[in-house]
Amino acid sequence: MADPSARVTATFAEEEGLEDIVEEPEEMEQKWEAEAEDAITALRRCEAGEGTPALAASSLEGEILVLELASGKTMYELDGHKGGTTCLGVGKDPSRLASGGEDGRIKVWDLTTGQLFSSTDCFQEGDRRKGSVELIACNSCSDYFVAAYGKDVWVVAFTESESAMRLESLTTSVAALALSKAMTVHVATDGKLHLYEDLGKGKISYLEIDHAMNALGVDPSGKWVVAGCLNKLVHVWNMDSGESFEIKGISSKVKICAFDASGEKMVSNSGPAALVWPFDGEGPAGRVPCYLHAHESPLEAASWGPGGNGLLATGGAEGLLIVWDAKESRATYMPNGSRGPDVLAVVAVAEHDDGVTVLEWADSSTIVAGYESGAIVCWEM
């Protein structure tokens, strides 16, 4: 296997105008590795047993592994979902884990014991299932989460076993889902953004666009909402002013839209590159993003570091994991002297045998990556 630092440096240097700012990054060390039966679909930081820091990992095989974060040792192996577990969520209480899967069920697990706390069938007995539970959205301030099953949106409590409520059955399938700190549920369907204030108990409103949405991001203040679209653009709403606009010039359908803890930066994918957009002040309109191109294959995952530490991790289908320093961008200049795209410094890099599927930070210097093979690797800078 080639030296991952050299691979990243070479790929970065291939970009015209970036040759003079390339620095060889640190190579991350593997802290531990665990293995699931199939490709990893989700990773979530949690607590298990008597408050032990842990990591929940789901796979296409269906099982959910709960691993001790310090060692990677298996604390619990949960049955998960028949046909595959597709999504996980953790809310206010880190010892409660939500999961959804191909069986059309939403489950809540009590990680103090490793036992199932509640299970909700999203289909009526005798009805033909309409699909799987593909999406879960939650936040660290709430005891509730939302889940999407086909055209249906559900609200479920982490702490009440009989709490599940179907919020609405829509006319088209849910493509993306988000839950703001103000407890507004954001639901993206084909060309329409549905907003349900106070978990559906308050005002309900709709915003329409001419594009099919594929990803959603909401900044911590709730001012900015962004939607990644299938036709290679990002639609942006300023919820304070009611204005909206489009960001174009993206080379692939957008499946990643994630704000950092400050709400001043948002990362999206563009083929093998990551684009970091400025959302401070008046937002990204008329401004150029930082262009991060060091992956050799399509970008599959991106995750901001915890506590606003200014780090951004990206993972690609070629197996590279790259950590960028987003605290300060660097200007670049083309051979003719014109201003090129701003870039970020590469801090560290790691490489595995197969493609990255998901990323989750363990702490400010440690990140866990899930892979297509079912490997779960904890990397340390």
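Yeah, the Cβs are placed from backbone N, Cα and C, and that goes for glycine too.
Per TrEMBL, repeat 'WD' is recorded for 78-119, 292-334.
Shown for the repeat 'WD' (78-119): DSSP residue counts in helix, strand and coil, namely 0 helix, 24 strand, 18 coil. Helix, strand and coil content of the repeat 'WD' (292-334), in residues and according to DSSP, is 3 helix, 25 strand, 15 coil. Within the model, the repeat 'WD' (78-119) shows a mean pLDDT value of 96, rounded to a whole number.
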